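A short write-up of the structure that comes next.
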Amino acid sequence: MSSLRDRVPLVSEPVNSADSEPRRGFEIAPGQVTIPETQSDFDGSEGIKFSFRKLWAFTGPGFLMSIAYLDPGNIESDLQSGAIAKYKLLWVLMWSTVLGLVLQLLAARLGCVTGKNLAQICREEYPTAPRIVLWLMMELAIIGSDIQEVVGSAIAINLLSNNLIPIWAGVLITGIDTFTFLFLESAGLRKLELLFGFLITIMAVCFMYMYIAVKPDQGDILIGLWFPWCQDCKKDAIEQLVGIVGAVIMPHNIYLHSALVLSRVLERTSTRKVEEANMYYSIESAIALFVSFLINLFVVAVFAKAFSEGSGFTPDEASLQTAGVWIFRKFGLPMKIIWGIGILSAGQSSTMTGTYAGQFVMEGFLNIHWAKWKRVLLTRSIAIVPTIIVALTAHQDIDFLNSWLNVLQSVQLPFALLPILHFTNSERVMGKFKNGKVMQLVVWLLAALVMGVNFYLAYLYLFDSGQQAWLMVIIALVIVIYLMFVVYLAIGLRNITLLKIWFARKRGREVFYLEEELRIRDSYCYTAFGHDRTNSVLSQREAPLSGSVQINQSSSLPVAGDL
């Protein structure tokens, strides 16, 4: 059954138009920040002229998104990479960040063009069962990421208190103060974005200070960045190579970025305005991820040098806690405090953005229309409460837990990657802003590469651990079901419908209802400058052609099984 049942493509006033009033409240909501007009907006020129005022107005979503690249899970992956493989895997970190940037730009473009985030479009496009599965998988990804972030913050609190506050108490403190910090939204979105920028600055200063103090070999760093090999690398180093990709590119971050860009007021009926927004978001995201890359590089380089100088720890023991002990022995209490502040900033900021991701994902997939405080409390509690429970019960096995959580992130990646690729490649969804042929080829190759690397990471942890035969059978069945759903997402709904039509004709069955389903799906678009609608349902309605296409939940048009 098509998910477009009882939905007719209608034209209405554009979402977040220039006339919309910015909103403030207890959440990040669409249309909260206005974009200033510049002289080029009035002189009639069709080209886009760069303006620092406009760049500043668009700055914010990219830096909130980039915090996911700096969470404690990434920091621990960085220091383990440096301890085990030294500088040899810096090229993996660099190119993983580039791949992440490409995917984040696709997410930002989807939000800018359609006025909807990825979760909302998934709700409109997918049938009920796949939609629920996608939602549950993203909730698992968010919970897994939050566990790493909360535990990382707890470790930082333990270090800063000189072990006076145990890990379990730090977990509770982090869970509570996450909700406390989120009340800062009431002060306005721009102030909240400045807070996140301040936390990123703290991380950059702390880790750069350590980088300067430790003085890693600059020549080895350059070689590690630009020569894509891992000479004499053992199995542990190869696992780190795969783990870096799994830690850097997080699936729920794609959903998050597509929602954050909606916070700016944008006139989506204007092609020029949308192109301008895409340009500024691209610049801002590139700057934000470059900063995050530098911070990650600092951590890798510091511990590549640290664990090669008789630190008293073996590379296998590299963790956030042992790193703090080594720093204290080598540099004393001040440097340990700097390390703790950096980790605490990473944990606090990433935990807050994780709760935002949970809010957008749940609201988008389930279309919740409750009072703000009820909706925010529920969506954020679903992410943070299981996190606190798991962190409290498993904090003694933090390193083992972190490894399995990286595997969890890797197997969830296709549930964000495949929808965003399908939607941004679709003219029906993106109009003239769809990916070109070359871009489509590039993003599908990137998707295959990223998923292949992450599947290999999952294989390393699942099939190289000596499980019993009965457990292997269960794992194999789960993997088969998992791969079937991934293939379903990869083929795409339109192609699946075409395959159904082809098989039905081969078997001599009626295909009218399938053709009608396909016609209705093809007629439903999201933009005011979409594809050719000559034969669409929309063209048969005498509606104004200004504005963005919206779904009318109350409309009734028989499709698929109704015909």
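Just so you know, glycine gets a Cβ as well, placed from its N, Cα and C.
Note that TrEMBL annotation is computational and uncurated.
The region 'Disordered' annotation in TrEMBL covers 1-23.
Beyond its flanks by at least six residues, the transmembrane segment (90-111) meets 61-62, 65, 69, 78, 81, 117-118, 121, 221, 224-228, 241, 244-245, 248-249, 253-255, 257-262, 278, 281-282, 285-286, 289, 292-293, 296-297, 300-301, 417, 420-421, 423-424, 429-430, 433, 435, 442-443, 446, 449-450 of its own chain at Cβ-Cβ distances under 8 Å. According to TrEMBL, the transmembrane segment annotation covers 90-111 (among others).
Using a Cβ-Cβ cut-off under 8 Å and counting only residues 6 or more beyond its ends in the same chain, the transmembrane segment (132-159) has close neighbours at 68, 71-73, 75-76, 119, 122, 126, 165-171, 173-175, 178, 250-252, 255, 320-321, 324, 336-337, 339-341, 343-344, 346-348, 350-351, 354-355, 357-358, 361-362, 365-366, 382-384, 386-388, 390-391, 395, 398, 401-402, 405, 408-409, 412, 415-416, 419, 485. Under the heading transmembrane segment, TrEMBL lists 132-159 (among others).
Marked as transmembrane segment by TrEMBL: 165-184 (among others).
Using a Cβ-Cβ cut-off under 8 Å and counting only residues 6 or more beyond its ends in the same chain, the transmembrane segment (196-214) has close neighbours at 63-64, 66-67, 70, 291-292, 294-295, 298-299, 301-302, 305-306, 327, 331, 335, 338-339, 341-342, 345-346, 348-349, 352-353. Look at TrEMBL and you will find 196-214 (among others) tagged as transmembrane segment.
If you look up TrEMBL, you'll see 244-266 (among others) marked as transmembrane segment.
Residues annotated as transmembrane segment in TrEMBL: 287-307 (among others). Non-local neighbours of the transmembrane segment (287-307) in the same chain are 62-63, 65-67, 69-70, 74-75, 78-83, 85-87, 89-90, 93-94, 97, 100-101, 104, 200, 203-204, 207-208, 210-211, 214-217, 220-221, 248, 313, 315, 318, 323, 326-327, 330; each lies 6+ residues outside the stretch with a CB under 8 Å from one of its CB atoms.
Per TrEMBL, the feature transmembrane segment maps to 377-395 (among others).
Among the features that TrEMBL reports, transmembrane segment is placed at 441-463 (among others).
For 469-491 (among others), the entry in TrEMBL reads transmembrane segment.
Sequence-distant contacts of the transmembrane segment (244-266), counting only residues of its own chain at least 6 positions beyond either end whose CB sits under 8 Å from a CB of the stretch, comprise 16-18, 20, 22, 28-35, 57-58, 60-62, 64-65, 68-69, 73-74, 77, 81, 89, 92-93, 96-97, 99-100, 103-104, 106-108, 110-112, 115-119, 137-138, 141-142, 145, 189, 273-274, 277, 281, 285, 296, 353-354, 356-358, 360-361, 364, 406-407, 409-410, 412-417, 420, 450, 453-454, 457.
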